[in-house]
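Encoded as structure tokens, the structure appears first; notes follow it.
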């Protein structure tokens, strides 16, 4: 047999083959020495071969041609060969690649790319997953085409040859250099890193850096990558977009369209050295042979196409010089031989192969004919379906010796088996080997767990024995499974090559993992094998083996990883104390299944097999199964229908049960539907048993509940329920006060009305129906009472993404309806079967039967009697229809209960447009039909019908009327499917409700504006048809004159309209043009447009409905003269487009339509179709006009306005009447006050969202004591823009700025910097704060001066508190400038009457001693001296800071744009600034930061600009400052008070003159002058005295703690004393150390023993008090929440309510009480406290209502106590008369309640007259009570008279007592 398919050039020769080599006539020039190992053909060698005529030449030459076309085999591959492959399999650590001609190779995980290998190494090194490293299965998918390079051809352990490949771009593209890169080249690369703007791609070309910009990757990411970012190592086909710097930088693109169209051209300078596989080239057929083609390509190169790679459709039709496209398959690195493919699948680079396997894999075929034989390669066969198949040489016979080429002549037939599929050649691979044909298993997929297999022992290893089962299949027998018992030396029993029979334990085809057992009992077992949990039916007996033995029982394993537990009590009939002694792992056991839950993969087994296991077990299990257990899923059969549901029988034992209608579905509407169509005898699967009572089983078929139970997510008892859990249940009953929800396990809870919905609940039954499925969040659990409270609010019960839930609900609903359809199709009735077949979207041809009065159309039933088809008035779409007319309609929906079909005649629904829809894209749609739980809409673009759910949650069932969708309304839908399924609908999810549009009229995409009102004169029934067209001249009579338009009656009664802008050519401003036309006047006009009455839009004349429009006319003289007139631009330009033609700054004439009071703007019309708005603040700069705009502007008046810009949200122009609205420096504008900040200024807002700030110094030209008194939010103010730096404007309201023409008198000049001040000047300003060394005085927004104490007053007060009292912050005073230091930004001032001429700051009435002149000077000098020291310290600190970071220090004169924020970590004090504007008003050099919003003590803090730490002025012991009286501070039960001045607790401070700053202790103090010897001695004595004083004080036992150390010492001895801790907190608070006080409280909470609950509570209360006074609302809430967790919640709530009430935060207190009433409604203390709170506030009525509510909520036994308490409160805080009435009322009902009498008496004694008291005593002593009680009242009466009455009164009481005793004794005697 001749050799087929020769290929070009010399054959590759092996030394063994040398003898066989035929001499071929060849030119010596091209001869290749045979020493070269794998020699290959060269292009030019084809020369001689090609010229020979095939038929006329000898066999020799034909042989050489065949040799030349020889197909690839392993021998012909060599290292470095580049070859195109296709990913066949993806494993964790390697890829299997299909190569051309049936070969396959492997790519190791380390051969993907360098970046990926680096990440792998990182992961190995750190033993934990690296963030962006993904596995091979995520990077590659079967079918991907890849360019590979052969890295080695080796031999495996089993002697098979194996091809190792690499995908690393470094190896594949090694042949390219950076200079060779050209735009348009198609390369492959891998992502090596993700950058901000794109990806760095490794293309493996040295010296070139490739970058893929994000926008170039966008399309690929969306289409191919499902929107995910590209990963490191991801394989890409890239096109070079641009090359820069001689190949140094390469820009790439991976767009699908560009890549698939890429062609290699001559311009790209490809050579045979660097030609890459996968390139598509244009080629010419050079020669056609029976075994392949030779092609010419890229002008100079020749290549081969073997028979496998011809285009199958064109095979046999190729001819010379034919132009074709080909794809390079491989290039031999040495011979440069090129192979190509003409298969179409390879001609679009970047596309994956789609055909990845053949269907009959593994099939054995008989009599398959040979097509041809290819020597040294194999043979091709023709299969029955005409497809080619190929068998490699090694698979043609069982061994080389038996092989005979003669038996493979074309036409011979053989028996063979399909063993594989070559994706690259689209060929099935065959084998003729007997072993393979007869093999039981060919692939791992064929082996099933539990099967018996035979195999051959390959090797025995410590980890088990390897057995060969098939050609490619090996299995492992673990050591445990080598025999029934554990074997020590398995090699003695088994030898390599032995045949063994095993049973499969586990087979995982993906991982190629096969586990088997040799345990004899398991192999020979005749019992059924368990291979999945579903097989394990209770009562089943089987064999298994023990996997593990635990103290609680044995775990027994079966096949396929199924295992179960034998609990201890089931191990044996006798008790087994220690299972580990009795059983061992690996032991084969016989077990019986007791119970199995497949969903949870749990199984219970038993070793007890008593008596006859079968009968015994059957009887037992039958009894057990007869009773249906709760939570079990069963199949049921419908017996009969009752009015509430279905009577059913539970299979298989026909146990009777009931399935209520609402429980048939999760969708309220589908329950009745299913009920209607289910018939007796129908079977329902997977029905849940809900409850059993009195032998009646209640069932449920709600999918949500079934899946909850299956997933094990339903708690079985109250113990498992915790607040915050989300549970799925159903509404059990609906009450006025809430809804009861029951869960599958039978537990139920209440959802009170308040937390039933996020919307306001008027009636509970509006929101839910009985039986409805709901999701509930547990808010409260009372385990003792077995009660829980639930919330059904959507905000609490979110189930994740709304879109996903919405889609799930929709698909579930439609699926159930589809189920109903199948029930209907089983009925006999033709009508019902027809309805079942009708699906939405079907187009029908129908005949109109009649048109009803309401405008709807009914169609005739046709061949099906009783079929009702109707189109509503809306769906008639305005078409004229007559009975008998034929119409095309589309089905919208089928009503399966009323048996009606809803159809539509709309053109765009009937004539759908074919357009490719994109999944996940957003489309505009129009609602066409509404069902209860879903809506049907049509896509505006194509007319397809889409369904979307009206709810996005099970609880989302209530809609206010305003929220309900209407038919015809526009919605925005995101498509989730692009093909209508069986339901006929596309599935979609509605976008946000904000995107809904108002009901549209057909063919009009623009919505009606919300504030368009129709003129009643224009709406005259249906508008008459007319034949007018644009440009026609008409005459008519004026019918009515409106401010902005005139209505005209034309001939034939047609109504026309003239807009105010079309009356005059030049409109004088202020006039109303419409007034020119009078009613009854005849006018001649020109038609300029037509307005559609329904949408108010202008239609183009081509519009079919133009004949029904209202003509828009013009009577402008200029319009009437011209022949052609300007028609309105009506051609589908949206109002937004029309508005955009106006530029900002343009002026125009507009006509006032109305003043919108709510929105505060004027609405105007510029033209009939263009409208605008003028914000009120832009109408005038006059306050008068702004106050009464209606007086200034008349409706219809012409106004001249400036365009500010289009309002983006709507099609309106924004206009201004006061010129362009530019808020630039120097502009004057009107604004509105939005916030008033005390002592700081105002925040003002302008139109379009701009904000500005006004300082108190810029409110007026003359300062006042209460500058902000006249300003309230919403007040309109005229502002001058001072500066526009930053996003907040700086403004001034001074009339000298806003109205410079008025030349008003400036009492207080503007002081914006120190430059504006002169020495000796008198200035007014506001006190900023009182400091230890003087008063800070604000002169301007950013200028602060200092008044030293000697210059504050002529008096010398001994109490420093007087300064705080008489110089509060914000006080207006006059000061004289004494000195200025402009370099240091310092201003010295004086308040003295001598300097200012004003009265002294302290009134003479205080009688304070005068400060003498010399004292003043001395004091000033002292201060100066102290100031010097301060300065030194500051400089020292500055030096220190400058060393740390020079950039932080700042030059003194340097002005900063924004004040640096002080960071006072050392003292933990920080004041939150209200705003940046406020910061700028702080003096440039010295700034004070108040410790909190209200100045809490006299201690002040400074900081110098340029330093970020605060300097602190120590409080000197002499200057004892007390805080002005404010809100009372926290009072403790122990009597400790927080209001302690500094005098009662003197802190241990260093001696006077020293700073309290700890940093200062670093260096010794140095006096400025040298001290004399005497002075030094005095100082020494002084220091010694001080020391001895401190020591004595420490010894004193009664001494008060004076420092933090003292407190710490005391706390060591009594750590649980809350009083000490609170004193410690108070100590810090007096120094305004808020943070330290907090820290002390936190320490206390950690330290105090948990048993001391009251002590801990005291500290919590103190901490709450602290946060209330000094913290923010947020910090207070946080502390409160913690306190509630750690203490009895009620106590904490009550304490906080008291704190709020005491600090007069009444609103917060009220809110808190309301929370308490919900949470502790059973606690009477709460009701009483709330009542008292309301009475204290004077709200008696509210208090009475609270008492009524309390009586409703509390149990009856508590009522009397509560009433008595409220009466007491009335006595104390309210109306004594009402209190008496309450007592009297109560006592008339309960006359024997002595406790109430007693309280009544007490109260009357306290608040009533003596007469009233005596009256009550008289009544009490005449009651018939027990003697003991009567004695008590007599005694009280006697005591009262002794105290208040006379001797006579006392005697009278004694007489009455005697009388009572006698009467009692006489009764006894009788």
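Numbering starts at 1 and runs along the chain as it is shown here.
Quick reminder: no glycine exception, Cβ is built from N, Cα and C everywhere.
If you look up TrEMBL, you'll see 40-56 marked as compositional bias 'Basic residues'.
Taken from TrEMBL, the feature compositional bias 'Basic and acidic residues' applies to 1412-1432 (among others).
Residues annotated as compositional bias 'Basic and acidic residues' in TrEMBL: 1455-1467 (among others).
Positions annotated as compositional bias 'Basic and acidic residues' by TrEMBL: 1474-1483 (among others).
For 1575-1585 (among others), the entry in TrEMBL reads compositional bias 'Basic and acidic residues'. Helix first, then strand, then coil: DSSP counts for the compositional bias 'Basic and acidic residues' (1575-1585) stand at 11 helix, 0 strand, 0 coil.
Residues or ranges marked as domain 'S1 motif' by TrEMBL: 80-168 (among others).
What TrEMBL lists as domain 'S1 motif' is 184-255 (among others).
Per TrEMBL, the feature domain 'S1 motif' maps to 278-343 (among others). For the domain 'S1 motif' (278-343), the DSSP counts in helix, strand and coil order read 3 helix, 35 strand, 28 coil.
Helix first, then strand, then coil: DSSP counts for the domain 'S1 motif' (362-433) stand at 10 helix, 36 strand, 26 coil. Taken from TrEMBL, the feature domain 'S1 motif' applies to 362-433 (among others).
What TrEMBL records for 450-519 (among others) is domain 'S1 motif'.
The helix, strand and coil residue counts that DSSP assigns across the domain 'S1 motif' (539-608) are 10 helix, 35 strand, 25 coil. Sequence annotations record features per position, and here TrEMBL assigns domain 'S1 motif' to 539-608 (among others).
With DSSP states grouped into helix (H, G, I), strand (E, B) and coil, the domain 'S1 motif' (631-702) comes out at 12 helix, 37 strand, 23 coil. Here TrEMBL flags 631-702 (among others) as domain 'S1 motif'.
Summarising the annotation, TrEMBL assigns domain 'S1 motif' to 724-793 (among others). The domain 'S1 motif' (724-793): residue composition by secondary structure is 7 helix, 35 strand, 28 coil, according to DSSP.
Positions annotated as domain 'S1 motif' by TrEMBL: 1031-1104 (among others).
Summarising the annotation, TrEMBL assigns domain 'S1 motif' to 1145-1218 (among others). Predicted-model confidence for the domain 'S1 motif' (1145-1218) is 79, expressed as mean pLDDT.
The domain 'S1 motif' annotation in TrEMBL covers 1226-1294 (among others). Residue counts for the domain 'S1 motif' (1226-1294) by DSSP state, with H, G and I taken as helix and E and B as strand, are 6 helix, 33 strand, 30 coil.
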Other same-chain positions with a Cβ less than 8 Å from the compositional bias 'Basic and acidic residues' (1575-1585) and lying at least 6 residues past its termini are none
Proximity verdict for the domain 'S1 motif' (278-343) and the domain 'S1 motif' (1145-1218), three or more C-beta pairs under 8 Å
no
Taking the domain 'S1 motif' (80-168) as the first stretch and the domain 'S1 motif' (1145-1218) as the second, find out whether 3 or more Cβ pairs fall under 8 Å, excluding pairs closer than 6 in sequence.
no
Using DSSP, what is the helix/strand/coil residue split across the domain 'S1 motif' (450-519)?
7 helix, 34 strand, 29 coil
So, by DSSP, how many helix, strand and coil residues make up the domain 'S1 motif' (184-255)?
10 helix, 34 strand, 28 coil
Helix, strand, coil residue numbers for the domain 'S1 motif' (1320-1392) per DSSP?
9 helix, 39 strand, 25 coil
Within the domain 'S1 motif' (1145-1218), how many residues are helix, strand or coil going by DSSP?
12 helix, 38 strand, 24 coil
How does the domain 'S1 motif' (1031-1104) divide up by DSSP, counting helix, then strand, then coil residues?
10 helix, 32 strand, 32 coil
